[in-house]
């Protein structure tokens, strides 16, 4: 029996609901970026889904506050600026997650209680789309935004069980998951001094290597699980037939897949759970799909997910261990995070020796102390955490009132339970800020890892990220230090010099200012704020700062951070030094296709369309051919694509004299440009 859905109208006013919806949307976008781009999730899948579900429920109750760019309407993105962009030729959507039998069976009963369903392993790896033409592998593309992905074909060709030539000259587009077996991961990680957290992160990072020779060294594999056969004369009636065809084409498919009646799904799940711990590859659940293709077509899609499939996520596996020690770390933002050292246990294929405690409230609630026997789980199969205390240890651990690094009295920020060190000169804060700046997804400075940066700071060579660009002046002294020989220094200096080629898109987020990460930076660029100089100009004008609230995805907390950061003399001095060092303080233009008919144009979309579902597909097309997609109409918008149901955007476009296209006119425009949109989106 399904549970009655929670409502919020009795507890939230419209004003409060608007704020909560905006805050939830920002938070979800942040976690989508961490998961899809950085491969560094901060929360479990379950916690993410609870955020997502609450936002979706609130948007249903308060539809007037639903943003057209809400995370509930789009797929998370793993787009990377280092790769050519590729317009997907089939929908690349995500699945709605379920976490218990009741929730899953409720969906089955509503969908087709007597129908046949496939039940298969949900592989925990990196999502990929393979495009074959006439039997030859043409492209391997990441999921990306769902419309446009990163072309990683050269890397995909190195995956050992992907066929490069098929036994028949067929055109087929497939979805699959690149992964690494536990055995291969352990062996590779041992050779790499244990620096990789888990198979999923390593797999995702491997297909994004800039040099395919590096990818080839990594023992990657793939399972394919769905396909589209454009132009194929034989129409498949079932998912079972599609999987059978894939096997005949020599594609590996997930093992143990079964096809059962809806009434047998709960029993089947129990059988899969018994097998889970014996698998040689990482999985975080099951995928249940309608087998009948015609029934799938009848169910259709939301803009985010197919209605005919669900992911069933396993409960986190727990293992018992003993707490050996409790320590705390001061991050670059000043946040003080406790963690426990435990006796080693194996979880989800990796050896775990540390687990998170989050904050003092969490510690007090569990009663954590040294010597305690605890249960540890990997949240979402990734993040180890103490979930339960079985036998208490010594006194419950207390986070100190003073920063463990600089002894400054700690503070609590508004509406947060965490403690923070407020001292911007705190050694641990500064060191972690420099470490963050040098990371691959930031300024990507080769040769400068955690240990090297800690050494350079502790021995007085650097005190800020700007000091990195003067480090070469100290070469004669540095070369005398252990571990900093001629070869090592050459790599470091080359890495520092190479970082000057990273533009504003990377520089602003890498500085590490609160609320100004990659997502906000992209939003600013989308709205024409594409340089540090432009930001500093806005920061001097309160009206212009307030106008940033008109950008969907930017809320009051971002505005507050904007005001505080760019009036801070320390930040202004840092920016001046980076500018003098020759860094690129303006965003470079991005090209995704050799053909650029929409170059210099900014398009917005509103209403609904027959040929573009969801409507963002039309904007993906514009971006692919050189244009820019914007989420709101402004004086800088050049074109508006308007369909039935267009509202305030159309009114504003008419007021501003912006060129407006309806769907037929847009299709005629594409035809005149010799763009076959059906072969592109």
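Cβ atoms here come from the backbone N, Cα and C positions, even for glycine.
Here's what Swiss-Prot has on this protein:
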- 45, 46, 47, 48, 49, 94, 95, 120, 143, 177, 289, 313: NAD(+) binding site (BINDING)
- 122: active site, N6-AMP-lysine intermediate (ACT_SITE)
- 403, 406, 421, 426: Zn(2+) binding site (BINDING)
- 593-681: domain 'BRCT' (DOMAIN)
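Around residue 406 (Zn(2+) binding site), the C-beta neighbours below 8 angstroms that are at least 6 residues distant in the chain are 421, 423, 425, 426, 427, 428.
Across the domain 'BRCT' (593-681), DSSP classifies residues as 31 helix, 14 strand, 44 coil. Summed and averaged per residue, pLDDT over the domain 'BRCT' (593-681) gives 82. Shown in sequence order, 97, 99 are the residues of the chain, 6+ apart in sequence, with a C-beta less than 8 angstroms from the C-beta of residue 49 (NAD(+) binding site).
The binding-site residues in question are 95, 403, 421, 426, and the one with the fewest Cβ neighbours inside 10 Å is 95. Residue 95 (NAD(+) binding site) and residue 122 (active site, N6-AMP-lysine intermediate) have their C-alpha atoms 11 Å apart, to the nearest angstrom.
Residue 122 (active site, N6-AMP-lysine intermediate) falls within a strand when secondary structure is assigned with DSSP. Residue 47 (NAD(+) binding site) and residue 122 (active site, N6-AMP-lysine intermediate) have their C-alpha atoms 19 Å apart, to the nearest angstrom. Each residue contributes its Cα atom, and for residue 403 (Zn(2+) binding site) and residue 143 (NAD(+) binding site) these two points are 42 Å apart. Between the alpha carbons (Cα) of residue 143 (NAD(+) binding site) and the residue listed as 'active site, N6-AMP-lysine intermediate' lies a span of roughly 16 Å. Proximity of the residue listed as 'active site, N6-AMP-lysine intermediate' to non-local residues of its own chain (separation of 6 or more, Cβ distance below 8 Å) is seen for 283, 284, 285, 286, 287, 311, 312, 313, given in sequence order. For the binding-site residues shown (143, 289), fewest C-beta neighbours within 10 angstroms: 289. DSSP classifies residue 289 (NAD(+) binding site) as strand under the three-state reduction. Secondary structure at residue 426 (Zn(2+) binding site), taken from DSSP and collapsed to helix, strand or coil, is coil.
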